[in-house]
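Read the structure below first, then the notes.
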Amino acid sequence: MAPPLLLLLLASGAAACPLPCVCQNLSESLSTLCAHRGLLFVPPNVDRRTVELRLADNFIQALGPPDFRNMTGLVDLTLSRNAITRIGARAFGDLESLRSLHLDGNRLVELGSGSLRGPVNLQHLILSGNQLGRISPGAFDDFLDSLEDLDLSYNNLRQVPWAGIGAMPALHTLNLDHNLIDALPPGAFAQLSQLSRLDLTSNRLATLAPDPLFSRGRDAEASPAPLVLSFSGNPLHCNCELLWLRRLARPDDLETCASPPGLAGRYFWAVPEGEFSCEPPLIARHTQRLWVLEGQRATLRCRALGDPAPTMHWVGPDDRLVGNSSRARAFPNGTLEIGVTGSGDAGGYTCIATNPAGEATARVELRVLALPHGGNGSAEGGRPGPSDIAASARTAAEGEGTLESEPAVQVTEVTATSGLVSWGPGRPADPVWMFQIQYNSSEDETLIYRIVPASSHHFLLKHLVPGADYDLCLLALSPAAGPSDLTATRLLGCAHFSTLPAAPLCHALQAHVLGGTLTVAVGGVLVAALLVFTVALLVRGRGAGNGRLPLKLSHVQSQTNGGPSPTPKAHPPRSPPPRPQRSCSLDLGDAGGCYGYARRLGGAWARRSHSVHGGLLGAGCRGVGGSTEQLEESVV
């Protein structure tokens, strides 16, 4: 009986080591080493008594509650450099003895409130080298009192759970370097009395709010826990807001200023304290007066300059600070927007710009023009708001009103950006004080008002949106019957129309460009042809004037008076008589220094003489008319 019982006890007390892992049983602690084993998931047959479990450098992608179930004695868990993208809720729920958790070098994007539930005694949490962009505010709640080392470096964090971090009294090291943090809340580290190292290197911090933590010196006698602070690699804006930090002597830090331009690139601790200055606010522009109809939206604008950027506030006519509500909204850039104005909103508003260097104010006057309302169609109290008018207009547009069959309001001559509104005179028994046009488009639900005199029955709408659908209603405002009566408002009719789409300007521009190009090309060809023709004429005229040969006549005889023709005698060749010298003004072709019209005329006469005399000589040689004619050359 003894041997089988011993085997059973051994089998129940020890589990087999996972096949790809190495198990080491040192004294009373069991270490399971599964690093670099190509694992795709946590081995399910890991001994539940394991104290140290190393699963680094594998390909594990997700963690869930079954992976570490009943491993209450696990103290050190290493999951570094895997491909973990998701941690299920309470995946570490049974690890009540866990002291160290390494999750660095994974692909975590988010940590939910239940991702790290369970390890209530955790002291070291390493989450560096992930892709964390968000950490739930309650992600660290289970180990706030025990955590000593928190590493969130090399992530994509813009915000961290400051409230949770500030409630870790045992925290010694906090690494937040190489993230996207651009602001630190005031007093975020005030309760971290044991913090000895804070790394804020390479973030986007332009300024640091004063905190008692930073006043700790490096001298151990000055503080029981001297702080090692690193914030280099941030775009520090060296103005008066950082003067408190400049006054802390830290000679071995290498921080530099990024702005203002006069201090950019200078060593932070070498800049004199007097150069850490600020500029008081200056209101550059603001709305001075604004008149709106009752029920319209009012937008008050105020822009201020300063260093640092001023904080903008608005004070209403009742001397109270205007905050965000269902009716009004104040934007950080200094714009105050009142959605639906009433008579109580009228008055003077004050824009206040403040920064550490001072403040500046500007006054804006808002006037609300009361709409004339009547008793018909009014809400409780006899004063309908613009929502009542819009509702009745929409009802009438859908055919639920009591309008006549023929439309009382028409929109014609609609283009892409305009339309002509026309309406009839209405019932003559009802006097009209003025007309009011209300319309909005499918592109913008904002209701637009237009006031038209009672004598007009046409109104041209301009600046419309091309290709949009519009709903339009016309109201007639009648004067009050008595001093205490309200003005009556009567709906005349509604219309629906659509603007034309925007004209394709590109085609017209293309045709215009092509037409202009063609015109320039044709003109260029014509000019070139004209130039070539002119040059050819000039060259031909010069050649005719300079290369003219002397005329040689043969068989020239004198004319007789009817007697017999004497036998022609041969004459020795004579050289042509010298040409008389002529002045330049009467020159007919001599190339001796006269040009222009005279040369061209001489060339023309030379060609004519050659052609005429050549014809006569040819005729004489052939014996035209059956007899030999005696010709004599005539000199012109």
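Glycine residues also receive a Cβ, built from the backbone N, Cα and C atoms like all the rest.
Curation does not apply to TrEMBL; its annotations are automatic.
Sequence annotations record features per position, and here TrEMBL assigns compositional bias 'Gly residues' to 374-384.
Residues or ranges marked as compositional bias 'Pro residues' in TrEMBL: 565-580.
In the predicted structure, the domain 'Ig-like' (281-367) carries a mean pLDDT of 89. If you look up TrEMBL, you'll see 281-367 marked as domain 'Ig-like'.
Summarising the annotation, TrEMBL assigns domain 'Fibronectin type-III' to 405-502.
The region 'Disordered' feature in TrEMBL is assigned to 373-407 (among others).
Per TrEMBL, region 'Disordered' is recorded for 555-583 (among others).
The signal peptide annotation in TrEMBL covers 1-16.
For the transmembrane segment (513-539), no residue of the chain approaches it from at least six positions outside its boundaries, judged by C-beta separation under 8 angstroms. Residues annotated as transmembrane segment in TrEMBL: 513-539.
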Counts of helix, strand and coil residues, the domain 'Ig-like' (281-367), according to DSSP: 3 helix, 51 strand, 33 coil
